[in-house]
Every structure is written in C-alpha cells, then in structure tokens.
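Features as listed in Swiss-Prot:
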- 356-363, 402-406, 456-459: GTP binding site (BINDING)
- 78-90: compositional bias 'Basic and acidic residues' (COMPBIAS)
- 106-120: compositional bias 'Polar residues' (COMPBIAS)
- 150-200: compositional bias 'Gly residues' (COMPBIAS)
- 227-240: compositional bias 'Basic and acidic residues' (COMPBIAS)
- 347-516: domain 'tr-type G' (DOMAIN)
- 1-240: region 'Disordered' (REGION)
- 356-363: region 'G1' (REGION)
- 381-385: region 'G2' (REGION)
- 402-405: region 'G3' (REGION)
- 456-459: region 'G4' (REGION)
Amino acid sequence: MEDKNKTIKETLQGAADAGKRKKLIIKKKGDENSAPSSASPKKETIAESAPVKPLTPLPSRGDSGQSPIVRPAPSASKEVKYEESSRKQDSGQSGSRPLRDKDSQVRPSGDSSYPVSRSPFQKEDSNIIVSRPTQRPVRPNPGGSYQGNRGPGQGGGYQGNRGPGQGGGYQGNRGPGQQTGPGNRFGGSGPGNRSGGPGGRPMPITSAEVELSQARGSTGASKKKGHDKEKTSSDKRDFSGAENTKFFKQRFKKTKVVGVSGVSVPKEITVLENVQVGELAKKMNLKPGDVIGKLMKMGMMVTINNIIDAETAALLADEYGCKVKVVSLYEETIIEEEKDNEGDYINRPPVVTIMGHVDHGKTKLLDTIRRSSVIDTESGGITQHIGAYQVKTARGLITFLDTPGHEAFTSMRARGAKVTDIVILVVAADDGVMPQTLEAISHAKAAEVPIIVAINKIDLPTANPDKIMQELANHGLQSEEWGGQTMYVKISARENIGIDKLLEVILLQAEVMDLKANPKRKAKGTIIEAKLDPGRGSVATVLIQNGTLRVGDPFVAGVFSGRVRAMYNDLGQLIEEAGPAFPAQVTGIDGVPDAGAPFDAMADEKEARNISQHRIEFEKIGNAGAAAGTTSKVTLENMNEYIKLGALKELKVIIKADVRGSAEAIKESLEKLSTPEVKLNVIQSGAGAIVDMDVMLASASNALIIGFHVRANPKTIALAEKEQVQIKYYNIIYQVVDEIKLAMEGLLEPEKIEEVIGTAEIREIFKVSKIGNIAGCMVTSGKIQKSANVRVISDGVTKFDGKLKSLKRVKDDVNDVVSGFECGIQVDGYNDFKVGDTIEAYNVTVIKRKLE
C-alpha cells in the first residue's frame with residue numbers, strides 16, 4: 001500500500017509547476033463505501049503542487065450517489081479515487097470564478113438518472129453558482145471546447161458542461177460519455193477543430209432532456225438504440241428551410257373557390273350597375289381581400305369601399321365560374337304604382353301654399369284662417385319649419401302649407417311648391433314687390449301651379465293696391481280685371497277683411513282644377529318635415545296625396561322604413577287614419593327622412609325594408625347607372641340625351657348678372673333661340689351673386705344657372721354639387737349666346753341626305769347550305785360597295801332595307817364591284833331573293849342642323 005501511495009505522490013509532484021499547495025484525500029478502492037469512524041481514520045496526503053483546474057469528481061456505477069467518485073490514475077496499475085478539497089487559489093488566479101458542475105449520475109441500467117450531486121465548489125452554500133468564469137482555468141489534456149468546463153480527456157463542445165470522456169456537443173448538459181441529443185458526437189470535436197478525448201460510455205437521454213427536446217420541436221439525433229446520427233450546421237439549415245417551406249405552403253396555399261363561411265361560390269349572382277367591392281365579395285362568398293387582390297391584378301387599385309361597375313364585376317366573377325346578372329338599382333328603388341279603379345275616385349281638398357316676403361303677413365293670414373295663434377312659436381319673425389294644417393269652411397276642407405318666407409329657407413319653399421295645388425302669394429299693399437316676392441313667383445311658375453294674389457294690409461293709410469297689381473303684371477301676373485288670368489283678392493289679415501272671399505276663391509279654383517284621389521288604395525304622400533322627438537323617437541309630418549294611411553301600415557319614407565305606431569292631426573290629437581290631402585304626424589320610422597322625401601305605404605314590412613336598403617345603396621353610389629332623365633339634372637353636355645329620350649321639351653335657364661341691364665340683355669338674346677322642337681325659357685333673371693335660393697330653384701325646375709360677371713360662394717357651390725345643378729360663368733354676352741346656341745343645335749335632329757351609288761340586277765340565285773341564298777347579280781349602274789346600305793326592290797316596292805353581309809367577285813371577297821361586272825351578293829338578314837329584283841346601294845350623309 002505504501003508503494004502505491006508513493007507512486008501516486010510522485011506522479012502528482014511531477015505535474016506541479018505553479019508552486020501551489022493542494023490538499024488531496026487519498027482513499028483505497030476497497031474503502032470508498034466504508035463509513036468513516038474514529039477507529040479507522042482517513043489517510044491523507046498533502047501534495048506540494050496540483051493542477052490549476054479543480055478536478056471534478058466522476059460518478060461511480062456502484063456508489064449511492066453521495067460518496068466521492070474516483071478516476072483511475074493514468075500510470076497506476078490499480079484504480080484509486082481522489083478528491084480535491086475546495087480552496088481559494090493564489091492571487092494570480094483570484095480573478096477566476098469556477099462554474100457550477102452539473103454532472104448527472106446515471107444508473108448502470110440506464111433507465112433513470114440520479115439527482116445532481118452537490119458541486120464541490122459550493123462548500124455549504126445552497127445557492128447554485130450560475131455565472132461563467134471570466135478566465136478559463138488551465139486543464140490538463142483538455143479537449144477542444146468553447147465556454148465549457150470539462151474534465152481531462154473531454155471532447156470539444158460549445159457551451160456545455162460535461163464530464164470527462166464526453167463527446168463534443170452543442171449547448172447540451174449531459175453526463176459522461178453521452179452521445180445523443182442535438183450536436184452530440186462520439187468523441188468528436190467542437191467548434192475550433194480541436195481533438196476531443198476518448199468517447200465516454202453510451203448513456204441514455206435523461207427525462208429532462210427529452211422534455212426539453214420536445215418543447216423545442218427539435219428532432220435531435222437518431223433515437224434508434226445504439227445508432228448515432230451526425231448532424232452538421234448544413235443539416236440544421238436544411239431542416240429549418242423545410243419547416244419554413246411547410247409553413248408557407250399551409251399559410252399561402254392556393255385559394256379554393258369557397259367563401260368565408262365555407263360555402264362555395266354561387267353559380268350566378270345578381271348585382272346592380274355599380275357595386276361596392278365588399279358587397280361583391282359578400283355575394284360571391286369570398287373574402288374581401290381575395291376580391292381586392294384579383295382587381296389589383298386587373299390593374300385596379302381599390303379598397304373594400306370602392307365602387308366598380310357591373311362589367312368589371314362580371315369579369316372578376318367569371319374567373320370563379322360565376323355568372324353575373326345585372327339589374328337596375330334605380331328600378332329596385334321604385335315602388336310599383338297600383339292600378340286605380342275610376343269608380344273609386346272622389347274629390348279631394350286642395351293643398352294650398354302661402355308664400356311671400358318676410359313680414360308681409362302670411363303667418364298672420366294663416367293664423368286668422370285657422371282661428372288659432374301660431375305666431376308665438378316663431379323666432380325672430382321667421383317660421384322655423386314647414387307647417388301643415390287643415391281647416392274647415394262652409395264649402396269644404398282646405399289644407400294649408402306654411403313655407404318660410406326668409407331666403408335661408410328657400411330650399412324648403414321649393415319643396416313646398418312641389419306638393420301644392422294652389423299658391424297664395426301674399427304682398428303687402430304698403431310695401432310692394434320685394435326680392436322674396438319674385439322668388440316665390442319663380443318657384444310657383446316652376447311648379448306649374450296657379451297663383452292667387454292676396455294683397456294684404458289694405459287697412460293701412462299708405463296702402464296702394466293698384467301699384468301692386470301693376471308691378472306684378474310686369475312679372476306675368478296680370479289680374480282678371482285687367483284682362484289677365486290671375487285672381488286678386490284684397491284682404492286685411494289683422495282686421496279679418498276679405499278672408500271669406502279668399503277661401504271662396506281657393507275652392508273655386510280647386511273646382512276648376514277638378515282635384516281627385518282614390519282613398520281605397522295604399523297611401524302615397526310626401527314628407528313635409530321630420531324631427532327626432534325625445535319621447536316619441538322619429539316623427540314626420542306627412543301630407544297624404546293619394547290613398548289612406550292607417551295605424552299599423554308598413555311604409556317607406558325616403559331611404560327609411562317603418563310601421564305606423566301612432567298618428568296625430570295638426571291639433572295633436574290621436575287619429576286612426578288619414579285620407580287624401582290630410583296632413584298627419586307619423587311615428588314609427590327607423591330614421592329621420594329629409595323634407596320632400598316620398599312616402600309610400602306598403603303591404604309587407606319585409607318588402608319595405610328591402611326597398612329601404614336598395615335606396616340606401618343607391619344613395620351611396622349616387623346616380624351612376626340610373627335612368628337618364630329621372631335623377632340627374634340637365635346640363636349643356638347631356639341635353640342631347642334628354643331630347644332623344646323625349647324627356648326635355650323646354651330648356652330652363654336662370655340668369656344672374658352684375659347689373660340688371662346685363663341680365664335683361666342676355667334674357668332677350670336667349671329667348672330668340674327657341675325652336676319648335678325645344679323652347680328656351682328664362683325662368684328667373686336678376687342682379688346679384690348666385691345664392692342658395694337660385695340653386696334650389698334650379699333644382700326644383702331642372703334648370704341651368706348662368707352667371708355673368710358674378711360668382712357663387714363655396715357654400716352655394718357645394719349645394720349645387722349636392723343638387724346636381726350646373727353653374728356656368730361668362731364674362732362676355734356673345735359667349736353666353738354662342739354656347740347656348742351650340743348646345744341647342746345639338747338638340748336638333750340632324751339632317752340626313754341619301755345618295756344612291758349603284759344598282760344591280762339579280763339574274764341567278766345560289767342556295768348554299770349553312771350560309772343562305774346568294775344573289776348572282778350584274779351591276780347595271782354605278783358601283784356596289786360592301787360598306788354601303790342596300791335595299792331590295794321588287795316591282796317598285798322596297799322589300800328589305802339593310803346592310804350587305806358579303807360581296808364576292810367569282811370566289812374572292814372584294815370591297816366594290818363597278819358597272820358591267822358580275823358579282824355575288826349576300827344581304828344580312830334577307831334570303832328571299834327573286835330573279836329580276838333590283839338591289840340598290842346607297843350611302844347616308846348626316847348634316848348637323850344649325851339655328852337660323
């Protein structure tokens with residue numbers, strides 16, 4: 001035993017070169033499992049020098065996991081185990097901090113692992129040291145490695161703490177000799193191409209490593225028993241690329257023809273002339289992004305809210321095997337009219353609109369007629385909204401509309417003129433004709449309704465009715481007393497003078513007009529005003545123009561729908577029904593409709609909602625695709641289309657100039673351009689800037705606005721765009737006349753001049769299957785051109801008039817055949833040729849007509 005100890009001591013002393021003293025505890029192999037006692041003390045030997053690197057104990061197959069683990073000395077004949085006690089190094093190595101040793105102990109069977117034993121560097125501290133050393137200690141016979149603490153003979157590795165004899169690896173903490181796991185090699189070398197130590201004993205993967213490998217999704221090395229698979233960095237890149245390829249194939253796989261709900265694209269869809277991208281995607285059961293992508297490939301940069309035409313939608317749908325049926329959005333918004341039985345018509349009360357200049361007494365007149373005060377409800381003398389009232393007289397009912405007289409409410413007055421039957425024009429006898437008076441006249445004339453003039457305030461000393469009659473006669477309102485057709489009534493609303501006569505004149509005018517309606521049909525009317533009431537919700541004043549409205553009826557009001565929950569008369573009393581010419585307040589609307597919007601009762605609430613939805617879509621899209629002459633206004637550019645449709649018999653113009661004289665000169669020049677086909681009518685002319693009331697008058701009468709040395713402000717321009725009214729600006733009078741003249745010349749039917757260029761006689765008929773009959777002809781005069789029109793004449797009677805389909809000379813197609821040559825002629829749409837008939841070729845020249 002002493003010889004063995006001597007051999008070990010000499011070996012250790014030969015390796016000492018730093019002069020450091022370490023304390024080694026030398027044990028025999030047979031004593032490693034024996035417990036220490038006072039009877040058998042340990043034998044200790046102090047070495048004069050030791051390796052710089054503290055030696056890590058190896059686990060022994062036969063120990064219990066708590067006793068020190070020994071390693072045989074290189075030159076000893078028998079195995080001995082040694083252990084180095086933890087001591088501080090000299091000042092030259094004081095900056096080095098040792099790493100925690102995490103060697104795992106594994107049972108010989110390999111079925112499970114022992115708990116990690118305490119590191120000898122911890123002393124009695126329970127905290128595990130996790131920081132790496134700032135300076136790597138020198139190791140005897142080290143294997144190649146990077147940032148790893150390994151024992152003698154250890155293989156290369158990267159950031160892994162392994163026991164002696166372990167193969168190289170990559171970021172793995174494994175027991176001695178372990179070879180499995182990503183990058184673990186048998187006795188291999190790590191980065192740096194350093195030689196590794198001998199391979200350790202094959203060890204199974206611990207349960208912790210298996211869980212870590214599964215969590216990372218790594219395939220690791222080969223899991224076959226006894227087989228090691230080497231994996232290089234190239235292999236890892238290939239693996240990562242394969243995973244990415246698989247991911248992108250799943251993420252961006254080819255789009256199937258299925259929608260967001262899993263429903264396949266329908267074989268046919270119905271769209272409007274213009275459709276939103278999002279709505280098209282919804283109809284085709286596709287994601288909006290797919291539709292947008294297809295449109296971008298077609299060169300269209302769109303978003304989900306952009307609108308495309310039906311042709312583009314059809315091209316896109318065709319790629320998915322879907323057919324598109326185009327329907328008119330405008331037609332979807334129209335409610336079919338009921339057919340009335342003539343026996344159901346009855347006389348209805350007249351609807352009267354009171355117009356006039358502010359403070360001329362129109363509200364006082366209505367108050368006197370109704371015998372109830374409404375003046376207290378006004379603010380600043382201006383009526384806040386259009387009121388509708390019905391009054392009883394000795395001869396019948398009369399419905400009154402009170403339109404505001406101030407310029408700010410001109411648009412509402414225009415709507416009032418559209419629903420009225422008779423206009424009462426109130427003019428103060430002591431004031432005369434004012435600008436608002438002329439505006440009221442223009443609106444009434446545009447609505448083509450009769451005007452009854454009420455000269456008010458005749459009780460005042462300064463009243464001059466004759467002056468008023470003269471001024472109005474200059475504007476086309478000549479009284480019956482002076483040989484005209486306008487009825488005048490002199491009244492005093494404050495003194496109740498002439499009121500009964502005025503009512504009598506109104507009813508007399510209504511009898512002349514023979515106003516009738518059918519109370520047995522569904523109600524149809526117009527929204528006079530609408531508001532949001534905090535207690536009742538949306539409330540609309542409706543003037544029923546035909547039919548009868550009852551509580552519970554579903555309806556459509558503008559773009560909104562609803563069901564009548566309750567109805568009130570003009571006195572605020574609940575009513576069950578409202579007949580023709582009756583104003584009623586209606587609740588139960590799902591929105592606040594605009595004044596002037598149409599009101600229609602429906603048989604079914606579902607149908608009402610559908611029409612409401614179509615009108616909302618139409619409002620979003622605008623007038624695109626709507627029928628010409630129904631929604632868009634007349635412009636100088638589209639007048640020709642209107643005249644072709646027969647929708648324009650008269651071109652209406654509003655003239656505004658800087659001075660009155662210029663306006664009159666332009667008016668006289670334009671009125672001379674009228675023709676029997678199209679009449680030019682200047683409905684209003686005056687001096688001053690173009691204002692909102694001019695735009696609303698143009699909208700109500702479908703007219704153009706001509707500005708001479710005047711402009712419209714931005715607010716008025718925005719209103720004109722909303723109402724689709726065209727405003728044209730000029731600085732020279734003849735420019736106005738010339739442009740209007742050119743526009744009207746475009747309305748004139750062009751003159752067509754026909755010129756016969758050749759005739760041919762049919763001498764033989766050739767019947768060709770699948771083609772038809774071909775006439776063998778001899779050109780007798782002029783020439784026959786393939787592009788010419790032809791007519792077939794038999795016995796002086798024209799049998800057919802059309803176009804040539806083919807022209808042949810022998811077997812060749814030719815463009816023309818001159819006199820004296822034979823040819824074969826096929827006429828498009830005609831086969832009933834007879835020998836002896838004449839084919840006449842002619843051209844038509846279109847000459848544009850001009851105004852004289």
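All positions are counted from 1 along the displayed chain.
Every residue gets a Cβ built from N, Cα and C, even glycine.
Worth saying up front: this structure is predicted, and the values here are computed from it rather than measured.
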Within 10 Å of the Cβ of LYS362 (GTP binding site), how many other Cβ atoms can you find? Include all protein chains, please.
28
Have a look around GLY356 (GTP binding site) and count the other CB atoms within 10 A of its CB, chains all included.
25
Over the span of the region 'G4' (456-459), count residues by DSSP class, listing helix, strand and coil in order.
0 helix, 1 strand, 3 coil
What is the number of residues in the region 'G1' (356-363) that are helix, strand and coil, as DSSP sees it?
2 helix, 1 strand, 5 coil
Neighbouring C-beta atoms (10 Å sphere around the C-beta of ASP359 (GTP binding site)):
15
Average the per-residue pLDDT over the region 'G2' (381-385) and send me the rounded value.
39
